[in-house]
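Visitor: I grabbed these lines from Swiss-Prot:
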DOMAIN    2-142  domain 'Globin'
MOD_RES   Ser4  phosphoserine
MOD_RES   Lys8  N6-succinyllysine
MOD_RES   Lys12  N6-succinyllysine
MOD_RES   Lys17  N6-acetyllysine
MOD_RES   Tyr25  phosphotyrosine
MOD_RES   Ser36  phosphoserine
MOD_RES   Lys41  N6-succinyllysine
MOD_RES   Ser50  phosphoserine
BINDING   His59  O2 binding site
BINDING   His88  heme b binding site
MOD_RES   Thr109  phosphothreonine
MOD_RES   Ser112  phosphoserine
MOD_RES   Ser125  phosphoserine
MOD_RES   Ser132  phosphoserine
Amino acid sequence: MVLSGEDKSNIKAAWGKIGGHGAEYGAEALERMFASFPTTKTYFPHFDVSHGSAQVKGHGKKVADALASAAGHLDDLPGALSALSDLHAHKLRVDPVNFKLLSHCLLVTLASHHPADFTPAVHASLDKFLASVSTVLTSKYR
């Protein structure tokens, strides 16, 4: 999926507003995913997936950091996410559908925290960005 200049601008602006809340939003999105799609918990058998868990917060930070890195490398998502793609495809063997589920939960989380900024254009740009990230993360499954 090709990101337009407007998409890139919207993504960078949105990530700028997320600022120091990335880890918090990442954890909240994971909690939403676990609650809405309980089968996703099977990938975290060693985690305490309850609300406020230190393990969920830690993984939420990893998710947020990876997305922040991707947002900073919009012209080279495959390069920026190559190691993460290898990890999820070959070691963790995460079902690709789970990236879409987490993406949806991230969009809901961002919209709930920034309703005034979550315009239809920003929503579309972030959705395209997360779909592009998901595509890159699943590229090594083939």
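The chain as shown is numbered from 1 upward.
Yeah, the Cβs are placed from backbone N, Cα and C, and that goes for glycine too.
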Visitor: Reported in the order helix, strand, coil, what are the DSSP residue counts of the domain 'Globin' (2-142)?
Guide: 110 helix, 0 strand, 31 coil
Visitor: I'm trying to understand the geometry here, so how far is the Cα atom of Ser4 (phosphoserine) from the Cα atom of His88 (heme b binding site), in Å to the nearest whole number?
Guide: 27
Visitor: Taking only same-chain residues 6+ apart in sequence, whose CB is under 8 Å from that of His88 (heme b binding site), what do you get?
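Guide: In sequence order, the residues whose Cβ lies under 8 Å from that of His88 (heme b binding site) (at least 6 apart) are Val94, Leu137, Thr138.
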Visitor: Within a 10 Å radius of its Cβ, which of these modified residues (Lys8, Lys17) has the fewest neighbouring Cβ atoms?
Guide: Lys17
Visitor: Could you check which of the modified residues (Ser36, Lys41, Ser50) sits closest to Ser125 (phosphoserine), going Cα to Cα?
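Guide: In terms of Cα distance, Ser125 (phosphoserine) lies closest to Ser36.
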Visitor: Closest to Ser112 (phosphoserine): which of the modified residues Lys17, Ser36, Ser50, Ser132, going by Cα position?
Guide: Lys17
Visitor: Using a Cβ cut-off under 8 Å and a sequence separation of 6 or more, which residues in the same chain sit near Ser50 (phosphoserine)?
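Guide: Ser50 (phosphoserine) has long-range Cβ partners Val56.
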